[in-house]
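What follows is a single structure, written as structure tokens, with notes after it.
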Amino acid sequence: MLEHRAKLDKHLPSLMELAGKAIFSQALALIQPGHGPVLLIAGPGNNGGDALEAAAQLSAAGYTTDLIRLGEDAARSAEAQLALNKVLHAPVQHLPADTPLISSIRQPAYQLIIDGLFGIGLNKPITGTAAQLVVRINNYTSVSGCPLLAIDVPSGLHAETGAVVGGEAGCCIAATHTLSLIGNKPGLHTADGKQLAGQVLLDDLQLAAVDHSEYVACLTDPSQIGCHALSRKANTHKGSFGDVAIIGGTRGMAGAGVLAARAALFGGAGRIFLVQPDVELKLDMLHPEIMCRDAAQFEFNQQVVVIGPGLGQDQLAIDLLRAAIQHPYPVVIDADALNLLATKPGLAAQLKTRTAATLLTPHPLEAARLLAFSTEQVQQNRAMAAKELAQRFGSHIILKGAGSLLCDPQDRHYRINSSGNPGLASGGTGDVLAGLCGALLAQGMEVGEAAALACWAHGAAADALVAAGSGPIGLHASELLPVIRSLLNRRVAGGI
């Protein structure tokens, strides 16, 4: 971990003092005008020591400061003992761990609670007195609206996976803000961490010289995604922007194919074919630019293939998937096609031999089927699941969900998508993402960059709609399309 290396590079008491100053500074930004009161929770480890340093600094600055300590003081590290000594000689009110916060003796109510109970080293569920305190704190902030600042990670959250430690047997602080020290933590941006961390803030504690090569994850930054292939020359034609064949939309699921095809259209592909196992739709009346074809008669040429949205799982679907796998051009595999891969080992084996770009876009249940895991296992360690999928199928992966993960089979690093919200949890949004990926590939983007840009634009479109009041409740897949188009054009023009 970077934290361990930082301790070697900088004397730990100084590091803890720097952490305390960073927490103090962030606390000032969250406290309303006035002098408190502020409640800090200090656990037994160095996370608790950081909280003790912050308590001493808040008290010295004149803020009314309350403190709850858990763990034996004698067992604290030498550095935390120094911080504790400062607190014991400051006008800080020390409260027992069973203080009933809802009916707190403090009037007015707390302006801020700072969580320093457990940090990145937690490896077992929070239980006993600490668990009871977590529940009381969450209840208090829920009722009062009091902001809650977590130090490094919300207590109970796994810093790497974003899952609550112990799953259903565990508990976790629900922070409104998390101050991540020294470096960012992947778990703050995916799985449960996407919500439990609240707004994530960073402070490198003046350790900019620390070697960050240990990082295995990064957040998607749209300004850093290479999208030169999307720029358009004046002397050009529709063939310059590639063809996309959407294979799916069988009887009863025509909408899935239509949404994917429309996403390819709004994503900039030159020509789009909707290839249906059953010709449910002969013409998209809203977007007649999309050419509908019968799958039984369709010939694969130089198209980028997106297969799976509404594909079905009958013999024709199997034959179409086999043909797509053998296709020497980029292929995006989604939905029903993923479920077929999970049940047809021969197809999965063929997939790994492909040399053209291959992108799989499973949600957690589809990922679980592909790996023969439970969905809970996937969600408990999304990064592990995404990496295993990439290796097992020799393909790029988008593991969809809160903080979608992007994996390259040739790279130990992975990306966490930085955009999106719960409005995307509705039917058809995955079909839109698959079609958008196909469009970007058809225009010549490298598969990893296409996946990253598609994920970001897809999520950012949902964010824009929510900001405009059109979600998350009731947000639907079709609404994403014109917003995605706008975002892509702004990104290519350098406006993002």
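Residue numbers in this text run from 1 along the chain shown.
Keep in mind that glycine also has a Cβ here, set from the backbone N, Cα and C atoms.
Sequence annotations record features per position, and here TrEMBL assigns (6S)-NADPHX binding site to 46-50, 119-125, Asp152, Ala256, Gly310, His363, Asp431. According to DSSP, Asn46 ((6S)-NADPHX binding site) is assigned to a helical segment.
Summarising the environment of Ser155 (K(+) binding site), the number of other Cβ atoms within 10 Å of its Cβ, over all protein chains shown, is 29. Residues annotated as K(+) binding site in TrEMBL: Asn47, Asp115, Ser155.
If you look up TrEMBL, you'll see Lys400, Gly401, Ala402, Gly403, Ser404, Gly430 marked as AMP binding site. Sequence-distant neighbours of Gly403 (AMP binding site) (same chain, 6+ apart, CB under 8 A from its CB) are Gly162, His189, Thr190, Ala191, Gly193, Lys194, Arg382, Ile416, Asn417, Gly420.
For 1-213, the entry in TrEMBL reads domain 'YjeF N-terminal'.
Residues or ranges marked as domain 'YjeF C-terminal' by TrEMBL: 221-491.
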Most distant Cα pair in Å, residues Lys400, Gly401, Ala402, Gly403, Ser404, Gly430 binding AMP: 14
Distance from Ser155 (K(+) binding site) back to Ile120 ((6S)-NADPHX binding site), taken between C-alpha atoms, in Å: 8
Residue pair Lys400 (AMP binding site), Asp115 (K(+) binding site) - Cα distance, angstrom, rounded: 30
Neighbouring C-beta atoms (10 Å sphere around the C-beta of Gly401 (AMP binding site)): 23
For Lys400 (AMP binding site), the number of other Cβ atoms found within 10 Å of its own Cβ: 25
